[in-house]
Amino acid sequence: MAAQVSHTVLRLEAEDVRNLKDGINFQKNNKDGKCYIIYKANGELRACRNQCKHQGGLFIKDIEDMDGRTVRCTKHYWKLNVATMQYVNPPDSFMQDELEAVLSETDGSLELLELNPPDPWTAEPREAQDLQAGEITLTYITHACMELKAGERRMMFDPWLTGPAFARGWWLLHEPPKDAMDRLMEADLVYISHMHSDHLSYPTLQHLSKKRPDIPIYVGNTSRPVFWYLEKSGVNLTNINVVPFGVWQNVDDHLRFMILMDGVHPEMDTCLIVEYKGHMILNTVDCTRPNNGRLPHGVDVMMSDFAGGASGFPMTFHGGKYTESWKANFIKNERKKLLNYKAQLVKSLQPKIYCPFAGYFTEAHPSDRYIKETNTKNSPAELNELIRKSCLNTLTWTPLPGSVLDLAVALNNRSNETAITDPPHGTKIYKDNWEFDLYLNQLNASISAEIFKHKHWIQYYYNWAGFRNYNLVIRVIETDDDFQPLNGGFDYLVDFLDLSFPTERPEREHAYEEIKNRVNVMRHVVVNGLLWDDLYIGFNNRMSRDPDVYHHKFWNHFQTELPLSAPDWQHFLQICSQTQENGSSNGCSVS
């Protein structure tokens with residue numbers, strides 16, 4: 001069975017991209033004659049093959065369309081709204097399979113990408129067999145961590161059981177069951193969806209490695225390796241399996257699983273299909289467009305994120321339009337859109353059981369009270385209520401730590417209250433102790449690192465990072481926990497056009513961002529060569545920008561494309577030592 005790959009089906013050069021009009025654009029690949037539709041609105045692009053899902057007819061402009069969103073099939077006059085990729089005539093029929101539209105920031109070209117094969121789970125199909133009560137159970141542990149028991153096997157998803165995520169910004173909302181760590185130790189295999197620290201939790205894996213260093217852990221073959229930081233972390237795990245996308249991995253005669261990529265973040269995000277005796281469980285985790293939007297219909301169980309708020313935007317921004325009322329209105333609208341999107345996705349896929357998870361975190365540290373109060377999140381109960389209104393045959397599950405879903409019982413009678421067992425009365429549900437000092441002391445240890453006695457660490461670090469030839473200037477200011485400038489802290493400019501470090505902003509026209517970073521997190525990131533997710537997703541900075549533009553190329557580089565090996569700070573200190581011996585009083589000079 002060949003691995004699933006992403007390939008380009010149509011490429012438009014920059015001039016052709018600029019010529020795309022708002023609304024519907026019909027395009028043809030002159031090399032193979034295949035036809036496509038590109039819909040443009042508000043600078044956003046959506047695309048699909050020009051082929052009706054009913055019987056393969058070609059779409060043309062719909063003369064009855066008044067808003068420029070609908071095309072009509074020449075065969076049986078079916079109509080497709082390309083703004084939503086939903087067929088509107090007949091209603092409630094199909095969703096069009098969407099292509100990923102990728103704009104190049106280098107040359108302005110556009111590529112339409114398609115996964116091949118698009119639905120690999122259909123390979124080697126298995127008929128669903130009857131299940132006995134207790135044969136398949138799902139136990140919710142906390143956040144994105146579930147334990148799947150299938151026959152004699154136990155599989156754990158994304159174990160984050162202790163410690164913070166994103167340096168110090170995220171903490172567990174739910175108290176894991178008392179035996180959660182024991183369950184992890186006894187698992188037959190572990191799936192970790194991606195490298196973010198609320199899924200790949202090194203504090204958790206440190207505990208695991210002491211007793212089970214050889215436990216089989218499975219990850220997808222992402223371009224940025226999930227365990228890129230393993231050696232530096234000091235965690236000893238010896239049985240990490242990187243598997244190709246879209247290929248069944250057989251655990252035993254009845255149990256198998258398949259890892260799929262995300263359409264928006266294929267470099268890091270993955271999702272999972274597990275099948276036992278022909279019964280499928282779909283876990284989309286954090287994927288924005290899991291498997292590029294093409295997913296199996298009618299699975300037995302579907303799980304997905306739901307909460308929102310997994311980003312510093314807009315809470316950590318200030319100046320300009322970023323008033324408290326603007327932030328509150330934006331957050332309210334974004335959460336509502338996410339809620340409706342998840343409900344629509346469930347409606348389109350029609351799983352037998354749906355569970356919202358992977359959103360149970362809190363900004364627990366007292367210094368992040370503002371974030372906690374501002375960063376409101378969706379309610380899983382509200383999402384499930386919305387789903388029940390449109391999916392009458394879907395059982396919804398709002399999990400609590402230790403609650404158990406028995407799949408066989410649920411499938412036999414979805415109204416059977418015994419299908420879901422909640423934790424005993426009096427069980428502690430929410431955490432109230434996170435051992436802040438233990439983990440913040442680890443961050444604080446970086447503040448006094450030897451490299452920060454030499455101001456040229458800045459030049460050395462950004463040369464290591466390797467981002468340049470981009471007309472952006474940033475000012476980075478080290479602060480205390482409350483984002484007040486730190487006495488004796490570094491305050492510097494970086495000009496990424498030529499990767500220089502001026503004392504004043506250049507006179508030429510340029511984009512500008514001012515970034516205030518908590519000193520313990522920033523220095524921890526610098527010393528260890530970590531990604532800037534700890535700063536941005538962890539709410540550990542405050543930002544303003546002029547103009548108010550998101551610089552994707554810059555943030556994508558510092559969040560996903562930094563070198564896999566940390567800066568060689570020993571080499572840096574050797575240079576500094578040699579420079580001092582030569583009589584320099586500046587510390588060092590790094591070319």
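Glycine is treated like the rest: Cβ placed from N, Cα and C.
These come from Swiss-Prot:
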BINDING   CYS52, HIS54, CYS73, HIS76  [2Fe-2S] cluster binding site
DOMAIN    12-110  domain 'Rieske'
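Apart from CYS52, HIS54, CYS73, HIS76, the [2Fe-2S] cluster site neighbourhood in this chain, defined by C-beta within 8 angstroms of the site C-beta centre, holds LYS53, GLN55, GLY56, GLY57, THR74, LYS75, TYR77, TRP78.
A count of other CB atoms within 10 A of each Cβ picks out HIS54 as the most crowded of the binding-site residues HIS54, HIS76. Taking a C-beta cut-off of under 8 Å and a sequence gap of six or more, CYS73 ([2Fe-2S] cluster binding site) has these contacts in its own chain: CYS52, HIS54, GLY57, LEU58, PHE59, LYS79, LEU80. Taking the Cβ of CYS52 ([2Fe-2S] cluster binding site) as centre and 10 Å as the limit, one finds 23 other Cβ atoms among all the protein chains shown.
Across the residues of the domain 'Rieske' (12-110), the predicted structure has a mean pLDDT of 92.
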